[in-house]
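Summarising the annotation, Swiss-Prot assigns [4Fe-4S] cluster binding site to C115, C118, C206 and lists sequence analysis as the type of evidence. The feature motif 'PP-loop motif' is assigned by Swiss-Prot to 40-45, with sequence analysis given as support.
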Amino acid sequence: MGTLSVNQNKLQKRLRRLAGEAITDYNMIEDGDKVMVCLSGGKDSYTMLDVLLHLQKVAPIKFEIVAVNMDQKQPGFPEHVLPAYLKELGVEYHIVEKDTYSVVKELVPEGKTTCSLCSRLRRGTLYTFADEIGATKMALGHHRDDIVETFFLNMFFNGSLKGMPPKLRADDGRNVVIRPLAYCSEKDIQAYSDMKEFPIIPCNLCGSQENLQRQVVKDMLVEWERKHPGRTESIFRALQNVAPSQLADRNLFDFTSLKIDESATPRFLDVLNI
């Protein structure tokens with residue numbers, strides 16, 4: 001790339017700043033960490049790697065970066081693209097080969113969405129590999145819009161009020177997942193990916209499934225944002241500002257024990273002035 005334009009420079013600085021803020025706010029990366037950056041070949045993971053490589057140079061702490069891609073043996077997967085890109089960058093990398101494609105095609109009926117099973121199989125394989133190489137953090141490329149979409153997916157279709165946290169410890173306690181792009185918008189990431197001309201690898205397994213529930217939610221949020229700019233950011237801020245006493249989850253707040261506080265100062269009305 002040549003010299004960046006003013007707007008391109010602003011975009012790059014904004015993504016780096018927001019990623020840095022998210023990393024700091026959630027203590028995502030600590031001194032001595034070995035960060036396994038999960039690369040899918042999509043715009044989000046390329047942007048995440050690009051931003052993390054910059055932050056590695058300027059951060060006051062030292063941490064390692066290891067890029068990992070999972071070759072799921074999808075037909076037509078361009079095996080050469082990521083190794084060539086990572087070699088040019090001079091980044092340590094691993095390609096994990098696991099034929100989850102055949103498993104998904106065998107278990108999921110034709111016409112049904114494959115995302116859930118594919119994601120579980122991929123996540124399990126990557127968790128195991130992170131453990132094998134001694135990675136202390138596992139970085140995923142989910143962004144702010146992904147987090148908000150997941151919140152609505154769980155609310156609309158699962159009846160639960162949960163999203164996708166910026167930092168998560170796996171159930172077995174062996175892996176810590178971080179999402180450095182948690183504060184970044186998909187719009188900015190797409191613009192940055194276009195600007196950098198990353199060698200995008202399309203997902204042939206699920207990319208054509210246009211009737212996904214996530215796409216329905218995404219379309220809804222896009223329409224909201226079009227009519228009311230800033231709404232997505234406001235929803236994300238709400239996820240950071242939860243008041244359990246104002247919801248209805250008895251496991252989060254002890255509603256059953258609520259009683260009048262007899263020691264509280266009484267309030268009296270001046271009846272004559274009503």
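Along the chain as shown, the residues are counted starting at 1.
Positions of Cβ are set from backbone N, Cα and C atoms, glycine also.
Across all of the motif 'PP-loop motif' (40-45), the predicted model scores a mean pLDDT of 94. Each residue of the motif 'PP-loop motif' (40-45) gets a DSSP state, and the totals for helix, strand and coil are 3 helix, 0 strand, 3 coil. Cβ contacts within 10 Å of C118 ([4Fe-4S] cluster binding site), excluding its own Cβ and spanning all protein chains shown: 20.
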